[in-house]
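> Okay, handing you the structure first.
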Amino acid sequence: MLNRVVLVGRLTKDPELRYTPNGAAVATFTLAVNRTFTNQSGEREADFINCVTWRRQAENVANFLKKGSLAGVDGRLQTRNYENQQGQRVFVTEVQAESVQFLEPKNGGGSGSGGYNEGNSGGGQYFGGGQNDNPFGGNQNNQRRNQGNSFNDDPFANDGKPIDISDDDLPF
């Protein structure tokens, strides 16, 4: 039997982080996931799916994601129930997120307010935070930041100038 859920969507609000009495972190958030089809008026509808993640990942989700952030979730569907204050049985279905992927660069947050954690300076690294997170040495992160956070680091990008290549330089 298989119980596997894979979702890609945007957070509808900031994640809520709390701690159990045993000290385990738990974060809850809701993903808005577009349906693959449109309704009769041609508009795309969305499903709003509650997700839960635990421990270190819960803290990372709370620190780096916010309303509008694009995230990928891999987990399993779980149902639970409890009795509310009126004595009624309430059933809850949610995704237990085993893995949460941040699908946008830190400074490209979906809500337009500038990123996951503005104080974090790890260029392109979600959990780094240090000035030199590159395990191979060097300062590529600092060089990239000094270029005005340009996302177009492609040396072959068209900058409007003609390319002068002779036929002798081509390998074919």
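Cβ coordinates come from backbone N, Cα and C, glycine included.
Just so it is clear, the model here is predicted, and its values are computed rather than measured.
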> Say a student had to find the phosphotyrosine annotation in Swiss-Prot: which of Y19, Y82 would be the correct pick?
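Checked Swiss-Prot: the phosphotyrosine annotation sits on Y82.
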> Can you identify, from 59-64, 89-94, 161-166, 167-172, the stretch that Swiss-Prot calls motif 'Important for interaction with partner proteins'?
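Checked against Swiss-Prot: motif 'Important for interaction with partner proteins' maps to 167-172.
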> List the helix, strand and coil residue totals of the domain 'SSB' (1-104) as derived from DSSP.
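Each residue of the domain 'SSB' (1-104) counted once, the result is 10 helix, 64 strand, 30 coil.
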> Far apart in sequence but close in space: which same-chain residues, 6 or more away, have a Cβ under 8 Å from Y82 (phosphotyrosine)?
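Residues satisfying the criterion: R89, V90, V92.
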